[in-house]
Ligand SMILES: Cc1cc2nc3c(=O)[nH]c(=O)nc-3n(C[C@H](O)[C@H](O)[C@H](O)COP(=O)(O)O)c2cc1C
Ligand SMILES: CCCCCCC(=O)C(=O)O
């Protein structure tokens, strides 16, 4: 199985199966895990099956457009790369591979604060034509955060994605059992120039961790658990870049984010890695779309594994969706070209799903295209 070629991996689940059979234990556990009993981890994927597609026929679908804009910037498809930390665990070049693949595919790249390559080197790999956003964790040290924001602006990122669901790190049992931490040869590269403790992954602790992972120790020492809506406003004031608030589950919080100056909403439960038993991401989307009522773009991540998942999210009101783990599986398999293949598969599957549904434009997918299984039954 370890030797499977890209051509044998024809869907995103094939990449996941390859990763499960092949990756070193600690890396696989860190990438794969959800919080606690992983109920939401399963629900994020399964919930898409509760939304059924109701295709229209004979709609002249030969010409289709997947292209869209995100905060005014053009992309080839409404599918982007979600921020995921520590990509050099997956390939030698880590985030640089992902950045090149995203630029080649013409999709939006989101870079994590906890990258293992510097944000400047990732920007260079993504190139002048790549659309890139920077995901921000706010550190207790606000001056450090401010310096990071100005480096992000300098390096040509087009938005700040403020993650708001991580005041404290979620509990992932496997990482705690493994005493997982960033291996000594890798660094939290965005902090290397700062010369402080932020660049160290608190050392892979090889089990001597008092029952918590090194990441939990790192985040509890350095991330600011007192973040509030006032800080969203603060961020919009210290930066020229639009702020996207990532980690919204409830409609009231979407409203507060917009009231605090956010330019867009990113619906997410952090890939089910924070609070277990929250609803599947796709199921939280309709109420948020209704609360936002067209005032801002809404993005979604969590459990997207097929083109039909993407189409359902678009029909329910998302402007675009983002892929987390599937990109890591592609990166682990074959670096840049593995990520490229994952993105290409997702884009092709969306195109096919659109054609077979009678949809020709990803920007204007009809809401009537999806119906919840419960409502379907009551109609029969
Ligand atoms: C290994 C891993 C690392 C992640 N690191 C970050 C991060 O640094 N910042 C962040 O905002 N979200 C992070 N996330 C969450 C993703 O951005 C995204 O919300 C989630 O993975 C989407 O779900 P999916 O993996 O089912 O596609 C991470 C997720 C994973 C799996
Ligand atoms: C070093 C501690 C924070 C790692 C952040 C990565 C992340 O968000 C995740 O879900 O894992």
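In case you wondered, yes, glycine gets a Cβ from its N, Cα and C as well.
Unlike curated entries, TrEMBL annotations are predicted automatically.
The feature domain 'FMN hydroxy acid dehydrogenase' is assigned by TrEMBL to 4-375.
TrEMBL lists 30, 137, 172, 270, 273 with the feature glyoxylate binding site. Sequence-distant neighbours of residue 137 (glyoxylate binding site) (same chain, six or more apart, CB under 8 Å from its CB) are 113, 114, 163, 166, 219, 223, listed in sequence order. A coil conformation is recorded for residue 137 (glyoxylate binding site) in the three-state DSSP classification, outside any helix or strand.
TrEMBL lists 83-85, 112, 135, 163, 246, 268, 301-305, 324-325 with the feature FMN binding site. When secondary structure is read from DSSP and collapsed to three states, residue 301 (FMN binding site) falls in the strand class.
Taken from TrEMBL, the feature active site, proton acceptor applies to 270. Close to residue 270 (glyoxylate binding site) in the fold, though at least 6 residues off in sequence, lie 163, 165, 166, 170, 247, each with a CB less than 8 Å from its CB.
Screening the binding-site residues 135, 137, 305 for a C-beta under 6 A from any atom of ligand 1 leaves 135. Sorted by the number of other CB atoms within 10 A, the binding-site residues 172, 246, 305 start with 305, the lowest. In the three-state DSSP classification, residue 325 (FMN binding site) falls within a helix. Screening the binding-site residues 83, 85, 135 for a C-beta under 6 A from any atom of ligand 2 leaves 85. Annotation note: residue 83 (FMN binding site) sits in a coil segment as assigned by DSSP. Cα of residue 83 (FMN binding site) to Cα of residue 172 (glyoxylate binding site): a span of 18 Å.
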